[in-house]
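Structure first, commentary second.
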Amino acid sequence: MFSYNIIFWLAGVAFIAVGFWAWSEKGVLVDLTQVTQLHGFDPVWLVLVVGGVTFILGFAGCVGALRENICLLKFFSGMIGFIFFLELTAAVLTVVFQSQVRDWINEFFLANVKAYRDDIDLQNLIDSLQKMNHCCGAQEPNDWERNVYFSCNGTHRSREKCGVPFSCCITDPADSVVNTQCGYDVRDRPESEWSDHIFTKGCITALEDWLPGNLYKVAIVFIVISLLQMVGIYLARTLISDIEKVKLTN
């Protein structure tokens, strides 16, 4: 039980450390008001939440096993069971309400396209998604019209006007230097020429195309995570039972 939880406790510490390091690099720890100023999704929040939950559960499991504390062990097993229930509920709701989930993901992506330049971590996340999935925007490259820097609106003088981020560009694998200006003025050209320079498929469509062929991978990941959670619950409940038996005999 202790060995099982020490790994998660250390992982939680690592996640929290990375999260605070990222915030310190962005100056958030100096000016905490920046936390509320971001209009899009800050990936650091996800890192900190995952790290915090993992740290608390690992700590409860470790201390509960070492001190044979039944309250901590029940808290640990109960929280693991609750998290598993949430995961299962989310999976079922995603299958049942596919169209609503798709619309929510689409709006979420568009909101973050609008906030692309507001946060470097969000920017890197979107760039990674677009490069890995060979996509651009939520549904199409014109989604970048929502971002003030890439908008074709004539009231601003951004050099990125009527363009797209470099992560939308079709690049030559042999190129060792990334051309961050490859997306400039692309949307000023006829749409028939876009496919020669950038990915024209939206990232939501790319996800929908990827999922059916990789459903077994998603299922394997879900099963592995579920098994780890079940092992944790089993170890905690077994230890609780052993402690209670010892107390009864004494």
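The backbone N, Cα and C atoms fix where each Cβ goes, glycine too.
For the transmembrane segment (7-24), same-chain residues at least 6 beyond its ends with a Cβ under 8 Å from one of its own Cβ atoms are 44, 47-48, 50-59, 61-62, 121. Per TrEMBL, transmembrane segment is recorded for 7-24 (among others).
Sequence-distant contacts of the transmembrane segment (44-66) (same chain, six or more residues past either end, CB-CB distance under 8 Å): 1-2, 4-20, 22-23, 26, 28, 72-73, 75-76, 79-80, 83, 121, 232, 236, 239. Summarising the annotation, TrEMBL assigns transmembrane segment to 44-66 (among others).
Feature annotation from TrEMBL assigns transmembrane segment to 78-97 (among others).
Over all protein chains present, the Cβ of C135 (disulfide bond) has 26 other Cβ atoms lying within 10 Å. The annotation disulfide bond is assigned in TrEMBL to C135-C168 (among others).
Taken from TrEMBL, the feature disulfide bond applies to C136-C152 (among others). Taking a C-beta cut-off of under 8 Å and a sequence gap of six or more, C152 (disulfide bond) has these contacts in its own chain: E145, K161, C162, R187, D188.
Per TrEMBL, transmembrane segment is recorded for 215-236 (among others).
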Message: To the nearest Å, how far is the Cα of C168 (disulfide bond) from the Cα of C136 (disulfide bond)?
response: 5
Same-chain residues at least 6 apart in sequence whose Cβ lies under 8 Å from C136 (disulfide bond): Q130, D143, W144, V164, S167, C168, I198, F199, T200, K201, G202, C203
